[in-house]
Amino acid sequence: MANSSSSHAAPQVTSQPHRAEILDNPLQTYLLGIIISICGNILISISLNIQKYAHVRQSQRGSKPYYTSVMWWCGVALMGVGELGNFAAYGFAPASLIAPLGCVSVIASAVISVVFLKERVRPSDIVGGTLAITGTYVLVTFAPHTSTHITAHLVQYYAVSWHFLLYLFLEIVVFCILLYVYKRRNVKHIIIVMLLVALLASQTVISVKAVSGMITESIKGQLQLIYPIFYVMLVVMIATCAFQIKFLNQAMKMFDATEVVPINFVFFTASAIVAGIVFYQEFEGLALLNIFMFLFGCLLSFLGVFLIARNRPKIKQQDANFLAMDKIPRRGHTDKVQPEATTYGSLAAKLMCNRAGQTDDS
């Protein structure tokens, strides 16, 4: 059907010993990776809405902090299971396919928020959901259907290849330039912050797939955890994830979530696809039609996520015990002071709501 590379896989196995581990292609393993990734993303969307509901309920009660809620911890546990599923999926399917499936989380989150949190359905939600679902189907259909066996020797072989070393060098140079502009020149533009996250994400995807694949092979009986490259990739995975979270938190503080979510999804997906192509050579032997349709599916998913996240209403609850400053009686209160007091009172209310909104987004 979509992949002409499958029929040409066998002749390459005997010619290069390193590639003998790459091109084994069971369809069941490929589909398993897709199913695990979709289930993981759905669990993540459910967990985010559970945490959001717990935040809203705690703010309405105005009693204990949100982290004392059993429901909030259930949401955290579900998120851990979902992220673990996404981690495992990289061991069964190409990274260039798993990353775009993140749009499933956005679609499911929109549906859950409408059904359970009673948010209003907008026309852009319907159009965006349709585009995202269509794009997901297209990219799954035309993605490379290879099931890569990730071993320590294979990761070492890829890590010293000239095209990856060139890619890594260019990435480091661009990252240093962006970091200089962001920190030293104090240019706080959303594109700069999201590019920093995306450059880190490309290395995260490479290391996550390597660690997940080597663990998978170890479970199957071929122990890979004794090789130093496993722990090198593990350190890279942890470090890049930590710095991604740092820059994402800074972006969420400076910009609205309706801007951060779609831009981060587009940049992360693009960086993951490039990482899969450069490091794992996932598009090697893929027909031109497949490449075009895969990118077209990604474009549809990007548009769908943008429409769903655009101008998304936020549930902001003001503390019931909060008393606006303009309602506080003061001695010597005059009509001239009234507008100023009202301004400070509304400003305080806005700050309270913004703080609650940032907590909900987290």
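Here the Cβ of each residue, glycine as well, is placed from N, Cα and C on the backbone.
Per TrEMBL, transmembrane segment is recorded for 30-50 (among others). Long-range contacts of the transmembrane segment (30-50) within the same chain: residues 71-72, 74-79, 81-86, 88-93, 97-98, 101-102, 104-109, 112-113, 116-117, 140, 145-147, each at least 6 residues beyond the stretch ends and with a Cβ under 8 Å from a Cβ of the stretch.
According to TrEMBL, the feature transmembrane segment maps to 70-92 (among others).
Residues annotated as transmembrane segment in TrEMBL: 98-117 (among others).
Residues or ranges marked as transmembrane segment by TrEMBL: 126-144 (among others). Here the transmembrane segment (126-144) has long-range neighbours at 1-3, 5, 34, 94, 96-97, 100-101, 103-104, 106-107, 110-111, 282-283, 286, 289-291, 293-294, 296-308, meaning same-chain residues at least 6 beyond its ends whose C-beta is under 8 angstroms from one of its own.
Beyond its flanks by at least six residues, the transmembrane segment (164-182) meets 158, 188, 192-193, 195-196, 199-200, 202-203, 274, 278-279 of its own chain at Cβ-Cβ distances under 8 Å. What TrEMBL lists as transmembrane segment is 164-182 (among others).
According to TrEMBL, the feature transmembrane segment maps to 189-206 (among others).
Residues or ranges marked as transmembrane segment by TrEMBL: 226-248 (among others).
Long-range contacts of the transmembrane segment (260-280) within the same chain, counting only residues at least 6 positions beyond its ends with a Cβ under 8 Å from a Cβ of the stretch, are 94-96, 98-100, 102-103, 106, 148, 158-159, 163-164, 167, 190-191, 194-195, 197-199, 201-203, 205-206, 209, 248, 251-252, 298, 301-302, 305-306, 309-310. Taken from TrEMBL, the feature transmembrane segment applies to 260-280 (among others).
The transmembrane segment annotation in TrEMBL covers 286-309 (among others). Long-range contacts of the transmembrane segment (286-309) within its own chain (CB-CB distance under 8 A, at least 6 residues past either end) are made by residues 2-5, 96, 100, 103, 106-107, 110, 124-125, 127-144, 257-258, 261-262, 265-266, 269, 273.
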In the same chain, which residue numbers or ranges, 6 or more beyond the ends of the transmembrane segment (98-117), come under 8 angstroms Cβ to Cβ?
33-34, 37-38, 41-42, 44-46, 48-49, 52-53, 86, 89-90, 125, 128-129, 132-133, 135-136, 139-140, 205, 261, 265, 268-269, 272-273, 276, 297-298, 301, 304-305, 308-309, 315
